[in-house]
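K.L.:
The structure that follows is given in the form of structure tokens.
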Amino acid sequence: SLFELGKMILQETGKNPAKSYGAYYCYCGWGGQGQPKDATDRCCYVHKCCYKKLTGCNPKKDRYSYSWKDKTIVCGENNSCLKELCECDKAVAICLRENLNTYNKKYRYYLKPLCKKADAC
């Protein structure tokens, strides 16, 4: 769910997930279209594509369990869809941390209509 995703992003990046990524560039937050604009935006693009591959669960609402061991996210679900959902969220949180150097505050509230149509998963 969005709750676990936000928690993972905070743990990995140290940033407030809603404030920092809730409307960042073209793909972070709701919606998404066009070419990802930087490495941070590409993390969110890949995450949206990961969600599109899931069947049998609701990425925004369904809760899953994970643990934080030695600064590492460990997904712990028996249900395959919830496990995959956790892995999608884990991947984006790690990607955002690895690309903190590309994060630019000026794109925090980017107008999505400025993102040109294209790039589908």
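Glycine is treated like the rest: Cβ placed from N, Cα and C.
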K.L.:
If Swiss-Prot is the reference, give me the range from 1-13, 79-91, 105-117 marked as region 'Important for membrane-damaging activities in eukaryotes and bacteria'.
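P.N.:
Matching range for region 'Important for membrane-damaging activities in eukaryotes and bacteria': 105-117.
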K.L.:
For Cys95, what is the disulfide-bonded cysteine listed in Swiss-Prot, choosing from Cys26, Cys28, Cys43?
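P.N.:
That would be Cys43, the partner Swiss-Prot lists for Cys95.
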K.L.:
Should Cys115 (disulfide bond) be counted as helix, strand, or coil on the basis of DSSP?
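P.N.:
The residue in question, Cys115 (disulfide bond), is coil (DSSP, three-state).
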K.L.:
Note down the number of other Cβ atoms within 10 Å of the Cβ of Cys28 (disulfide bond), including every protein chain shown.
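P.N.:
Other Cβ atoms found within 10 Å: 28.
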K.L.:
Near the region 'Important for membrane-damaging activities in eukaryotes and bacteria' (105-117), which residues from the same chain, at least 6 beyond its ends, have a CB less than 8 A from one of its CBs?
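P.N.:
Apart from its flanks, the region 'Important for membrane-damaging activities in eukaryotes and bacteria' (105-117) reaches 19-20, 23-26, 31-35, 37-38, 41.
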K.L.:
Around Cys44 (disulfide bond), how many other C-beta atoms are within 10 angstroms of its C-beta?
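P.N.:
For Cys44 (disulfide bond), the 10 Å Cβ neighbour count is 21.
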